[in-house]
Amino acid sequence: MQQKSEKRQLGQRRNRLRTCRTDKRTMAQRRISGGKLFITVVYLVAMCRAVPVNDLLDRASQRSDKMHSLSTLLTQEMDSHFPPYGRMQMPRPADCHTSALQTPNDKEQALQVSESDLMSLARSLLQAWVDPLAVLSTSAITLPHPSKSSISSKIQELQEHSKSLGDGLDILSGKMGPSAQAISFLPYTGGTDLGQDRVTILNKFNFLLSCLRRDSHKIDSFLKVLRCRAAKLQPELC
Amino acid sequence: MGIKHLHRNIYLSVCLSVCLSVCLSVCTSAPESPRKFDCRSREKETFSCWWEPGSDGGLPTEYRLFYTQERLREVRECPDYVSAGANSCFFDKKHTSIWAEYTMTVVATNALGNASEEFRITDVMEYVKPDPPVNVTVVVNSSAPSPFLEIRWKSPPDVDVRTGWVTLKYELRVKQNDSKEWKVIDIGSETFFNFYNVYPGLLYMVQVRCKLDHGKWSEWSNTIFAEIPKNHQLEKYFWIFVFVFSLVPFLMAMYIVLLKRNAVKQCLLPPVPGPKIKGLNAHLLKSGRSEDVVNALMGNQNFPPVAAWTEQVEDFLLVSDSDEWLLTDSFASEKNKDIFIIPAGLHLGLEIQRRDLSVDLNTWEKTDDSKEEAKSNFSNMEPINLPVEKHEFLNGEEKSIQPLASTSYVDIQQHPTLTDYSRVKEVNDNTILILNEEEIPHGLDAEEVKSEVSVPDDYSRVKEVNSDVVFLEKGDSADGCCKKKEDHYTDWTNQNKGFCLKMIASGYVDSGPAFSVK
C-alpha cells in the first residue's frame, strides 16, 4: 500500500515537473510585456512547487534499503536449504554482468565521487537488473527448492521496488544535471533459461542472487552517501 | 696409521650425518597447511582475518599470507601481521576494498618444507560485525502520569554514520530483574528510546546492540540496571483522596440518621409487644401486692373454659341400638380425644355377612390404647358411640359429618344430605357413621346418596378420606376398602380376616388382630 501511494506521488511529481519544464520553455520564448510576464511567472512558480531534493533522496534511500534487505534475505534463504556447491566451483563475482562497471570500493573513493556520478552509477546498476530480475522471477516459480514460494514472492517484491526506485531516480537525476542522467549499459547475457538439471539451475540461481546482493548494496550505499551530502540543512538525518 | 685415522674419521662423519638425517626425518617434518579461516570487519573500512595453524612439524614455522584482489592482477602480501594478534592479518583502509573478491593464500614454511591453503573472501561485507553501542544510559523519568525509562546510547566508535557511508540499526531489550523473558524492541537508526512498560518498585535490565547495513548483529552491550522508585507520594495522594471522598457520604449518612433517629429506631428495633394479661396491671405488679397479683394472674377462678367444654360435650346426642355403648359424659369426655379402632375386618365381616343387607360406612381410626377397649366393645359386635352432633341430623339440617382433626368434634359440611336419619344405621364412637343401605330406597335416593356424603350406591371405592373419617364405599368385596391392597387380599369373600390399610390424613390404620366374624 505504501509503495503504491509513493509510486503515485512520484508519478504525480514527475508530471508536475514535466509541465513545469515545458511551461518555462514556452515562457522563455514568448517575451511579451513585462507586467504580464511577471504575473505569469509568479503564478507558475506558485503552481510548480518543487519537491525538495532531500525529501526525494530520503525516499529513494529508504527504497534501496528495502531492496538490499530483501536480497540479503534471499541469499540467506537459498543457503539454508542449499549450501553453496563449493566456493571454488561457484562462478566468481567477477563473472557478474555488472562487474565491468567501475565503482568506488572504499569510503575515501566514494566520498570523492561527485553526486552526479554517484547518481549515474546507481541508476546504471538499477537498470542493469531489470532483465535479470524478470528471469529470476519466472525461474523461481519452478525452482527445485523447498521454499520457492517465499523466494518467488520476495523476487516479485524486489521487482516492484526496483521499478518505483527507477522512476524516482529518473526524477532526481533530472534535477541534478545531464551527467547524472547518463546510464552505462550493462546487458545481461545469461539468457532466459538457467539450465537443464537441478544442480545447474540452483547454482546459477545462487550466483545471480549473490551478484544482486552486491549490486543492491552498492546502490544503497551510494544513495545514502548522496542523502547525507544533500542534508546539510538537516544534520539529524545523518 | 694416518690413513687408518682418516678412514676412521670419514667413517665417523658419514655415520654421524646419516644418523642426523635419519633422526631429523623421524622427529620433525614439514608443516601442515593452516585450517579455518575467518575474517571480520568492524566498520566497513578495515578488516582482519585469522587462520588456525596446523601442526608445525616440530620446527619453527613461519606463516605468510598472500592475497589477490578481483581487480588487481598482482599478488600482495599481508600488510600487517601484528595488529590483529597471532596468526592474523590486518587490512587497513588502504588495503581494504569493499565489494571485491579476495583470494587469500596462507603459506606455512619451516626448514623442511612448506604447506599452503587457499581461502576466498567473496565480499568483505559478508564479514561485517560492528562493536556494540557505547555509553548506554538509562534514566528513570518519574513525571506524571507514570514513570518511564529514558534509554540513550551512542554508536560504536570508528563507525562513520555522519557521511552516510554506514547505516546502523539498533535493537534494544529490557527485562525485569527476576523475569526470564526479554522484551526486544526494534529501534531503527535513532539513538534513544523511551520505555514505558515499567512498574514502581522493580529493577530493570537494559541492553542494546546494533547491525551495520543488514549485516551481522553485534554483541549485546553491557547490562545497565535501573530501579523505579516506589511512588509513595502518589499513593499518599490517592489515599487522602479516597478518605475525603468516603468521608463526605459518611457524614451525610450520619446526619440523616440523626435527623430521622426515631424512624430508624422503629425500623431497626421494632417494639416488642409486651405480655398483656387481662386484668393485670403492670403497675400492680410493681407495687408488689401479692393478692392483687394472684387475682390478676389467676382470674376469678371460675374456670369458664372447662364448663364450656363439658357443655359442648353434652351437646352430643348419641343414637344407637344397644345400651351398652351409651357412654356417659365422663366416658365421652374421657374418650374425647381417643381414637378407636374399628377393625375393618369386623365391619366388613359384618358387611359380608350382611352384604346384601346393608351398606356400611366405616371410618377408621386407631390408637393403641383403645384397642382393647375396641375389642371388648367389638366382641359384642357393638359399634361404639360417636359423639357426633347427631342432633343436628334430627333437626333435619342437611349436613354431612366431617370430623375435625384429632378431636371428636365433627365439622359439618353443608350438603343436601341426609334429610332424615333413616339411613343412619349406626353411629360409632367419634367418627363412624354407618349408613344402612337397606333403608336407602334405591333408585330415587341413590343419586342423592351419592351426592350427599359422596357415597354412591357402589361402595367399592373409598370415596373420601378426611382427617379422621374415612368414607368407605362398599361394593364388591374384592374392590372393597382394600382396593390398594388387592394383591394381598385375594379372596376377600372367603376371608374374614385381615384389615384394610388405609391412609388417613392424621393416621393410618394398621392391621390389628383379625377378627373373624361368625
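Glycine is no exception: its Cβ is also placed from the backbone N, Cα and C atoms.
Here TrEMBL flags B:30-131 (among others) as domain 'Fibronectin type-III'. If you average pLDDT over the domain 'Fibronectin type-III' (B:30-131) in this model, you get 90.
According to TrEMBL, the domain 'Fibronectin type-III' annotation covers B:132-231 (among others). Summarised by DSSP class, the composition of the domain 'Fibronectin type-III' (B:132-231) is 0 helix, 49 strand, 51 coil.
Packing against the signal peptide (B:1-25) from elsewhere in the chain are residues 112: each is 6 or more residues past its ends and has a CB under 8 Å from a CB in it. Under the heading signal peptide, TrEMBL lists B:1-25.
Among the features that TrEMBL reports, transmembrane segment is placed at B:237-258.
Within the chain carrying the transmembrane segment (B:237-258), a Cβ under 8 angstroms from the stretch's Cβ atoms is held by residues 264, all 6 or more beyond its ends.
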